[in-house]
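Remarks on the structure that follows.
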Amino acid sequence: MRSDGRNPASLRNIRITRKYLKHAEGSVLVEFGDTKVLCTASVEESVPPFLRGKGGGWVTAEYSMLPRATHTRSPREAAKGKLGGRTHEIQRLIGRSLRAVTDLTLLGERSVLIDCDVLQADGGTRTASITGAYVALVDAFQWLVSQGTIATLPVREAVAAVSVGIVGGEVLLDLNYIEDSRADVDMNFVMTSSGRFVEVQGTAEAEPFTCAQMDDMRSLAMIGIERLMAIQQEVLEQ
């Protein structure tokens with residue numbers, strides 16, 4: 001039994017609340033247990049300079065944590081004058097994951113900017129951000145269709161992400177902070193609804209892991225992502 005009472009193959013309580021903000025074209029509050037992330041999707045009628053005149057659009061992301069999202073206050077990165085390496089890595093991952101399932105040609109020469117702001121962190125903020133940002137992105141696309149700006153949703157398939165790890169010799173799904181801090185191995189999987197991988201991140205903190213252990217983690221991640229996508233679909237149909 002895990003610290004929060006789950007079995008090894010259980011996700012935390014997952015909740016995705018759509019239309020959380022008034023002004024954004026797409027917005028959700030995504031909750032993975034005690035991890036809470038506000039994801040917004042904003043439409044801009046322009047593209048980066050390297051895409052001008054090419055007929056395609058762009059999807060990009062920014063990620064940040066509120067100063068008191070964690071146990072002790074962390075200074076705002078804006079106050080430091082630069083983004084940290086972890087922030088750069090995570091926001092690039094979110095952007096890549098969403099572009100992997102978007103037909104940028106159908107979007108036309110416009111951009112969707114995703115903002116993922118961590119309100120409360122208890123492990124898995126990047127996986128929660130990707131899972132929630134997908135729903136916010138679809139809502140922004142649906143808004144564009146409703147305005148007659150684009151003819152069809154430029155979404156090829158769904159995308160979601162989850163963490164897995166080895167803690168005390170046991171493979172666990174969707175690690176919380178306590179589990180993540182004790183993990184011998186920590187992995188993040190980003191997958192599409194067709195069962196393809198967008199990204200796999202894995203690190204051995206102590207003992208290196210075997211192919212068999214990696215297969216076990218992959219299998220558990222695939223089960224978790226299938227459940228997450230069912231939740232995404234259910235929420236989008238409401």
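In case you wondered, yes, glycine gets a Cβ from its N, Cα and C as well.
Bear in mind that the values here come from a model prediction, so they are computed numbers and not experimental data.
Copied from Swiss-Prot, the annotated features are:
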type	residues	note
BINDING	ARG86, GLY124, THR125, ARG126	phosphate binding site
Other residues, Cβ within 8 Å of ARG86, GLY124, THR125, ARG126 Cβ centroid (phosphate site): ILE90, VAL118, ALA121, GLY123, THR127, ALA128, SER129
Neighbour count (Cβ, 10 Å) for GLY124 (phosphate binding site): 25
Whole-number Å value of the largest CA-CA distance among ARG86, GLY124, THR125, ARG126, listed as phosphate-binding: 13
Sparsest-packed among the binding-site residues, when each Cβ's other Cβ atoms within 10 Å are tallied, from ARG86, ARG126: ARG86
